[in-house]
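Listed features, source Swiss-Prot:
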type: TOPO_DOM; residues: 1-81; note: topological domain 'Cytoplasmic'
type: MOD_RES; residues: SER23; note: phosphoserine
type: MOD_RES; residues: SER24; note: phosphoserine
type: TRANSMEM; residues: 82-102; note: transmembrane segment
type: TOPO_DOM; residues: 103-130; note: topological domain 'Lumenal'
type: CARBOHYD; residues: ASN103; note: N-linked glycosylation site
type: TRANSMEM; residues: 131-155; note: transmembrane segment
type: TOPO_DOM; residues: 156-172; note: topological domain 'Cytoplasmic'
type: DOMAIN; residues: 168-385; note: domain 'TLC'
type: TRANSMEM; residues: 173-194; note: transmembrane segment
type: TOPO_DOM; residues: 195-217; note: topological domain 'Lumenal'
type: TRANSMEM; residues: 218-240; note: transmembrane segment
type: TOPO_DOM; residues: 241-249; note: topological domain 'Cytoplasmic'
type: TRANSMEM; residues: 250-268; note: transmembrane segment
type: BINDING; residues: VAL258, LEU341, CYS350, LEU364; note: hexacosanoate binding site
type: TOPO_DOM; residues: 269-273; note: topological domain 'Lumenal'
type: TRANSMEM; residues: 274-295; note: transmembrane segment
type: TOPO_DOM; residues: 296-305; note: topological domain 'Cytoplasmic'
type: TRANSMEM; residues: 306-334; note: transmembrane segment
type: TOPO_DOM; residues: 335-353; note: topological domain 'Lumenal'
type: TRANSMEM; residues: 354-382; note: transmembrane segment
type: TOPO_DOM; residues: 383-411; note: topological domain 'Cytoplasmic'
Amino acid sequence: MTSATDKSIDRLVVNAKTRRRNSSVGKIDLGDTVPGFAAMPESAASKNEAKKRMKALTGDSKKDSDLLWKVWFSYREMNYRHSWLTPFFILVCVYSAYFLSGNRTESNPLHMFVAISYQVDGTDSYAKGIKDLSFVFFYMIFFTFLREFLMDVVIRPFTVYLNVTSEHRQKRMLEQMYAIFYCGVSGPFGLYIMYHSDLWLFKTKPMYRTYPVITNPFLFKIFYLGQAAFWAQQACVLVLQLEKPRKDYKELVFHHIVTLLLIWSSYVFHFTKMGLAIYITMDVSDFFLSLSKTLNYLNSVFTPFVFGLFVFFWIYLRHVVNIRILWSVLTEFRHEGNYVLNFATQQYKCWISLPIVFVLIAALQLVNLYWLFLILRILYRLIWQGIQKDERSDSDSDESAENEESKEKCE
């Protein structure tokens, strides 16, 4: 009797472990997060290059040129292992030159990279101009450094502390914990700006009634251009295809193209109030997505609860709020505020911009609806079937990736 009971308990334990291993909340490859360099898989070509560098470093230096080559190979090897070094040196050089110059006005050529430009005299408002592109470009480098530094120096040791031994799972946690950090800052920052504006709780009429918003407060412009830099940096990594593409790679590329078009058009044509609301909907929902995936990697009992919160915020922010904005384009765009095309006064809220705004937001909504279908399918299986298998995750599961990792170590 005891033996039979023990066998039954063992079977339950095995089944529970199997079910947990099949859990794929952590493998939901949707949302806007793009992997960083620190989380990229090591290819055969990169391994061969590393071997060549190590061979060159261990060789004898017969000439001065050999010593220079060793210095160069040493730097390349360090940069290969710590990909944040190059952007760090660029940032240090630019910041040092700017602050040591003693000139922190817009007459300094470096000002357009380090600080926002076009301050309206005697006010906290800032206009827009071509120099804003320099700011976005420089902070693309900043976000590259921040992402890789946090992953390599802060998050990776933390995953070791949490006893995450699988390299594959560790890399996935690097991506998601960075997303938690970024969205955990940008989401509340955006909500703070919204709270101190006339848009609180996603009001739509002020988006059109006060148009055009030609100047923005300091924090608003910092937030908007910072988000532009973040998304542009993400897009660059995505286009380079430094990681094996996800199954929804085309949808992800399409999502980034639409997002960048929305950022550019909303900024240039003064629809930044609408852009602020859309930024917030993406950041807050992505925070809960990354949090649920991270908890899943840690086999936390809170995973289902947080995943439920994620589903709620995703539906409310990415669908209810976004569809309300779409509806406002059809019902309020013409009637609230000026509705005229006038290049002299920068009035672009007219019959030309209405369909463009609607199509771009609708395109974003279509991608989100596709991802919602996948989310609800996982939620259904979680509730009714007790599994969380995601059929649209990478072709290799966590388990197969970890098996390959073990084979490589054995070889």
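These residue numbers are counts, starting from 1, taken along the chain as shown.
Placement of Cβ uses the backbone N, Cα and C atoms for every residue, glycine included.
Known features from Swiss-Prot, placed on the structure.
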{"residue": "ASN103", "record": "N-linked glycosylation site", "Cβ neighbours (10 Å)": "13"}
{"residue": "VAL258", "record": "hexacosanoate binding site", "Cβ neighbours (10 Å)": "19"}
{"residue": "LEU341", "record": "hexacosanoate binding site", "Cβ neighbours (10 Å)": "12"}
{"residue": "CYS350", "record": "hexacosanoate binding site", "Cβ neighbours (10 Å)": "14"}
{"residue": "LEU364", "record": "hexacosanoate binding site", "Cβ neighbours (10 Å)": "22"}
If you average per-residue pLDDT over the domain 'TLC' (168-385), what number do you get? 91
With pairs 6 or more apart in sequence, are the transmembrane segment (354-382) and the transmembrane segment (250-268) linked by at least 3 Cβ pairs under 8 Å? yes
Rounded to a whole number of Å, the separation of the Cα atoms of LEU364 (hexacosanoate binding site) and ASN103 (N-linked glycosylation site) comes to 43
Remote residues contacting the transmembrane segment (82-102) - C-beta distance under 8 A, at least 6 residues beyond either end: 37-38, 75, 108, 110-111, 113-114, 138, 141-142, 144-145, 147-149, 152-153
Looking only at residues six or more beyond either end of the topological domain 'Lumenal' (195-217), which have a C-beta under 8 A from one in the stretch? 120, 123-128, 224, 269-274, 276-277, 321, 324-325, 328, 332-333, 336-338, 345-349
Under 8 angstroms for C-beta pairs, at least 3 of them, ignoring pairs fewer than 6 apart in sequence. Is the transmembrane segment (274-295) in contact with the transmembrane segment (131-155) by that rule? no
To the nearest Å, how far is the Cα of ASN103 (N-linked glycosylation site) from the Cα of VAL258 (hexacosanoate binding site)? 39
In the three-state DSSP scheme, ASN103 (N-linked glycosylation site) belongs to coil
So the record assigns VAL258, LEU341, CYS350, LEU364 to hexacosanoate. If I measure every Cα pair among those residues, what is the longest distance in angstrom, as a whole number? 26
Using DSSP reduced to three states, classify LEU341 (hexacosanoate binding site) as helix, strand or coil. coil
How do the residues of the topological domain 'Cytoplasmic' (296-305) split into helix, strand and coil according to DSSP? 5 helix, 0 strand, 5 coil
Helix, strand and coil residue totals from DSSP for the topological domain 'Lumenal' (269-273) stand at 2 helix, 0 strand, 3 coil
Below 8 angstroms Cβ to Cβ, which residues of this chain, lying six or more residues outside the topological domain 'Lumenal' (335-353), approach it? 205, 207-212, 214, 269-271
Residues sitting near the topological domain 'Lumenal' (269-273): Cβ under 8 Å, six or more positions beyond its termini, same chain? 197, 199, 206-207, 210-214, 216, 220, 224, 346, 348-349, 353, 357
Number of helical, extended and coil residues in the topological domain 'Lumenal' (195-217), per DSSP: 6 helix, 2 strand, 15 coil
